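In TrEMBL this protein carries:
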{"type": "BINDING", "residues": "B:96, B:99, B:136, B:139", "note": "Zn(2+) binding site"}
{"type": "BINDING", "residues": "B:111", "note": "Fe cation binding site"}
DNA sequence: CTGCGTGCAAACTGTTTGCATACGC
DNA sequence: GCGTATGCAAACAGTTTGCACGCAG
């Protein structure tokens, strides 16, 4: 399978867009990161290595989203999170309301539910998001400790 | 069953908070609205009837969310949407990417999936959101018409 | 050498907050 | 009257945009 970087490069060429130092650095960073990150995270981790601006980070992230190389998530924290998805199976998220940790999980049943509702309502699905909010096991322990202190 | 307004009033009294003209107007508006609205929608629909400010709208919406009378949703449109939930069954959303219409649907299977993953991962669930994005049947027709025109 | 990409700063959107005043309880 | 709620404007966070310059193809 072609590397993600190669895919990105091909898309750029195809559309007459340019493969710049900034796009290369950002893409490499993202393709080697197996987690959820914000625009700010990316900017922070690149700004000392390449000359890059926040504006370029936002523009490039949007470019990657439009081309389905990364996915945008809204976990209700007032900012967007992104995640590399090219060639990966889709999955869902468990978001801890205390520590902010994001775990992933898969479920074939969910796929079925989506297919079913799409058929029922004659809805053409492009994507879906299934987020479960609550407390991860570590944070539950914390909460329990604090409760005993009182 | 007590009316939603009554519930709200009781919560306020219990917490030593006040039942003001603004809170009353906002609550009545929301309790009589069976759809998804933004803070701006509420402000617009009230500003000519009561003296109310955007700040108060935001503060009151947050108060209602904290007390589980309304629910906050993030459909990735850059602003929050709210929905009256008190005493209603939870449900999921179909969001049309073209016209913005929001349809609702229920699914017992989803509940099962949530319970299962919570048990597996020892995750204490507070809430979940399941949003399906795509094109509603009307908008698919539109798209089809436009395609034939070309 | 053409025109897309970049950095910068300003603009923008939705939301929150500090403060003096108003008003429920 | 006490203390919470309000309106206003300013502050804020994240993101987008206009413009002059830079650089990939």
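Keep in mind that glycine also has a Cβ here, set from the backbone N, Cα and C atoms.
Curation plays no part in TrEMBL annotations; they are all automatic predictions.
When each of the binding-site residues B:99, B:139 is scored by how many other Cβ atoms sit within 10 Å of its Cβ, B:99 comes out lowest. Highlighted in sequence order, B:97, B:98, B:100, B:101, B:135, B:137, B:138, B:140 have their Cβ within 8 Å of the centre of the Cβ atoms of B:96, B:99, B:136, B:139, the residues recorded for Zn(2+), and are not part of that set. In the three-state DSSP scheme, residue B:96 (Zn(2+) binding site) falls into the strand class.
In sequence order, B:102, B:103, B:134, B:135, B:136, B:139 make up the list of same-chain residues 6 or more apart from residue B:96 (Zn(2+) binding site) whose Cβ falls under 8 Å from its Cβ.
For chain A, the nearby binding-site residues by a Cβ gap under 8 A, listed in sequence order, are B:136, drawn from B:99, B:111, B:136. Within 10 Å of the C-beta atom of residue B:136 (Zn(2+) binding site) sit 22 other C-beta atoms, taking all shown protein chains into account. For the residue listed as 'Fe cation binding site' paired with residue B:99 (Zn(2+) binding site), the C-alpha to C-alpha distance reads 29 Å. Cβ neighbour count for residue B:111 (Fe cation binding site): 12 (other Cβ atoms within 10 Å of its Cβ, all protein chains included).
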